[in-house]
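Have a look at the structure below before the remarks.
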Amino acid sequence: NSKDGPPKSASGDAPTAEKVLSAAAKATPVRAVLKKREYGTKYTQNNFITAVRAMNEFCLKPSDLEQLRKIRRRSPHDDTEAFTVFLRSDVEAKLLLNFTVVVFLCSTKPRSGQRTTFLQGPGKVVMVAICINGLNFIFKLLAWVYTGSASMFSEAIHSLADTCNQALLALGISQSVRNPDAGHPYGFSNMRYIASLISGVGIFMMGAGLSWYHGIMGLLHPQPIESLLWAYCILAGSLVSEGATLLVAINEIKRSAQLHGLSFYEYVMQSRDPSTNVVLLEDAAAVLGVIMASGCMGLTSLTGNPLYDSMGSICVGTLLGAVSAFLIYTNTEALLGRSIQAERVQKLTEFLENDPAVRAIHDVKATDLGLSKVRFKAEVDFDGRVVTRSYLEKQDIDQILNEIQQVKTPEELENFMLKHGENIIDTLGAEVDRLEKELKQRNPEVRHVDLEIL
């Protein structure tokens with residue numbers, strides 16, 4: 001550009017109107033191309049997204065974000081430091097990868113988990129009981145058809161009720177191992193108690209009810225009984241098979257009780273493992289029922305009076321009614337949510353009280369969720385000074401002093417307090433997370449911890 005006059009073109013001539021218009025016409029297609037490229041796919045892939053949006057809208061975890069490329073962006077506010085953002089394309093790719101992995105795990109893992117559930121522990125006990133009681137039902141039913149004995153009919157109904165109830169227990173066990181979902185955040189472990197409760201009701205209605213009915217009808221209308229030889233043989237076989245199942249259940253309960261530091265009686269009464277308890281009580285009742293039925297049938301054979309056989313049916317029905325009442329009571333108590341032992345509650349409370357960040361503990365509640373799972377809830381009064389010191393230990397004190405010295409107006413003071421006040425609240429949340437994590441690590445039975453801040 002010349003100092004003495006207006007700027008000239010490269011050719012030395014001043015631009016005319018025609019040249020300007022022709023240049024504008026030629027530039028128009030270029031602008032259209034640039035605009036098209038600006039809003040194309042490449043532009044949308046380079047959109048930035050914050051960590052909060054990535055976790056809320058794309059359901060990612062902080063561990064997922066650590067694997068993505070991080071970009072530092074200047075904050076639009078003067079009083080706020082630069083923050084980290086992520087490429088939207090990276091976030092979407094991570095979401096797709098997580099979704100693929102979740103679908104694969106959901107389609108494979110539960111099936112293998114359910115298979116192993118019935119190969120050990122309570123599942124194994126239930127499956128053995130189903131097989132044995134099913135065979136006993138068939139043989140007892142054939143013996144009743146051959147002899148017409150009321151006691152044998154009661155035993156056949158008893159085995160049928162046991163088979164159906166244990167099939168229901170197997171269904172409850174398979175449902176209880178399902179993973180928690182949005183509708184059931186605490187999982188499905190109570191399905192074992194629900195299945196055991198329904199099993200108790202089924203024993204009462206099917207087993208006890210039909211046994212009482214057949215026994216009373218036998219008293220009112222006695223019928224002669226055919227040869228009881230085959231009935232005795234089948235009862236002897238049932239005694240051996242039911243006794244074997246009973247021993248399997250007893251050994252499983254002894255092993256589980258030893259792991260929990262409880263006696264055999266305490267483990268059964270507290271209904272720690274409802275499925276095994278049902279098998280234990282049903283098989284114990286079956287063994288006693290076989291003995292009762294054999295004794296009453298023996299009296300009938302010796303005296304020729306069929307009333308003894310009908311009395312045996314009523315006795316078996318009464319035994320089944322007592323077992324069902326116990327199952328209904330214990331499983332109802334478990335579903336209502338029982339408090340754990342006072343010693344265990346005291347141990348959990350002392351752990352929190354000994355933490356330097358905790359000033360006091362209030363309204364402690366520890367509920368047994370069943371299957372060795374505990375939910376712990378407490379209201380915690382945190383020491384604000386300790387929490388503030390924990391925050392200051394991670395800060396640059398000289399920088400904070402410089403910020404304080406630069407505060408001159410009420411607005412600057414408000415901005416300073418808002419910035420550090422929010423960070424202190426985040427530190428308090430981190431302290432809550434730390435306590436919950438340590439509480440679960442020290443007490444593996446505690447699966448759910450709810451700490452409320454006072």
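Residue 1 is the first one shown; counting continues down the chain.
Just so you know, glycine gets a Cβ as well, placed from its N, Cα and C.
On a predicted model such as this, the values are computed, not experimentally measured, just so you know.
Annotation comment: TrEMBL describes 126-336 as domain 'Cation efflux protein transmembrane'. The transmembrane segment annotation in TrEMBL covers 125-146, 193-216, 228-250, 310-329.
The transmembrane segment (125-146) makes contact with the transmembrane segment (228-250): 3 or more of their CB pairs lie within 8 A, with pairs spaced 6 or more apart in sequence. Long-range contacts of the transmembrane segment (228-250) within its own chain (CB-CB distance under 8 A, at least 6 residues past either end) are made by residues 124-125, 128-129, 132-133, 135-136, 139-140, 142-143, 146-147, 149, 152, 155, 159, 276, 279-280, 283-284, 286-287, 290-291, 293-294, 297, 300-301.
Long-range Cβ contacts of the transmembrane segment (193-216) within its own chain (Cβ-Cβ under 8 Å, at least 6 residues beyond either end) map to 150, 153-154, 157-158, 160-162, 164-166, 168-169, 171-173, 175, 271, 274-275, 277-278, 282, 310-314, 316-318, 320-321, 323-328, 331-332, 334-335, 370.
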